[in-house]
Amino acid sequence: PCRYFVWTLVGQLQGPGGREEPHAWPLLAYLLTCCIYPLASSCAHTFSTMSTHARHICYFFDYAALSMYSLGSALAYSAYVFPAEWLNSPFHRCYVPVAVLNTVVSTSLSCYSRFLEAERPRFSKASRTLAFVYPYLFDSIPLFYRFYLCAAESCTEAAILLHYKHTAFAFLTCFIFASHLPERLAPGHFDYIGHSHQVFHVCGIIGTHFQMEAITMDMAERHDQLLPPSLLPSSLQTLGAMGIGMAVSLAVIGLCSVSLRFMPEPLQR
């Protein structure tokens, strides 16, 4: 999936307009986060067996990458998905700053949840789930409003169907992550193939694919309804929001990595 998203990002950069297109920077930032989070997850699963501390540090980076993906989605939604009547409203103006704050909270809470695994595993799982569900729900507020408008009125936007598919896979991903199905129904039968975490990753990537297609279609079809270039976030503003989120996330990872020495060891089975 990482290679696929990199190929998509390179194609966008080399396509018509590319970086010169005034509306393109939020899309490029979003695609960059789509490339980062599958790579971070792959590295976490590959190198987490080196040691107990390495496992925690690998997943710190995995959680931070997912939080950055949430911020990338917010940047794209702010530029292309917002309902026309909400453009340049107070909520629209504070949407990205709040998404940056959510990124910091998400990274901090998800990393902290690993310190609770040994003594309070259920609370740890609930905290980690909340750390990613809340930013997703906040990012999707403008999208949910468009769903409401589609249900109340006749909807002719082709991208809405793709947004429906993305949302369905997002909720399916969350359900599988929280429920541990199907292995909880037949312990030992899904240790290699069909484990919930495998299904979780597959559903997440498919959902991201539909999200990317929907955002790209919204960008093309709603070009005339979007903010004028003078009000669009510049490359500096887009990269600034990404930079702040990434810098604070790295600081959280550093702090949590240093704190691992005080972490209680899990009980031996």
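Backbone N, Cα and C define each Cβ position, glycine as well.
Note: TrEMBL annotation is automatic and uncurated.
Noted in TrEMBL for the protein shown:
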TRANSMEM  27-47  transmembrane segment
BINDING   HIS45, HIS197, HIS201  Zn(2+) binding site
TRANSMEM  59-83  transmembrane segment
TRANSMEM  128-148  transmembrane segment
TRANSMEM  160-178  transmembrane segment
TRANSMEM  240-263  transmembrane segment
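TrEMBL feature annotations superimposed on the structure.
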residue: HIS45; record: Zn(2+) binding site; contacts (Cβ under 8 Å, 6+ apart): none
residue: HIS197; record: Zn(2+) binding site; contacts (Cβ under 8 Å, 6+ apart): PHE177
residue: HIS201; record: Zn(2+) binding site; contacts (Cβ under 8 Å, 6+ apart): SER41
Contacting positions for the transmembrane segment (27-47) when only residues 6+ beyond its ends and CB under 8 Å are counted: 1-2, 5-6, 8-9, 12-13, 19, 54, 58-59, 61-62, 64-66, 68-69, 71-73, 75-76, 79-80, 201, 205, 208, 212, 215-216, 219, 238-239, 241-242
Intrachain neighbours beyond the transmembrane segment (59-83), with Cβ under 8 angstroms and 6 or more residues off its ends: 23, 26-27, 29-34, 36-37, 39-41, 43-44, 48, 92, 95-96, 99-100, 102-104, 106-107, 110-111, 114, 128, 131-132, 135-136, 138-140, 142-143, 145-146, 149, 163, 208, 211, 214-215, 218-219, 222, 226-227, 232-233, 238, 241-242, 245-246, 249-250, 252-253, 256-257
Any further residue of that chain within 8 Å (Cβ to the Cβ centroid of HIS45, HIS197, HIS201) of the recorded Zn(2+) site: SER41, GLN198, PHE200
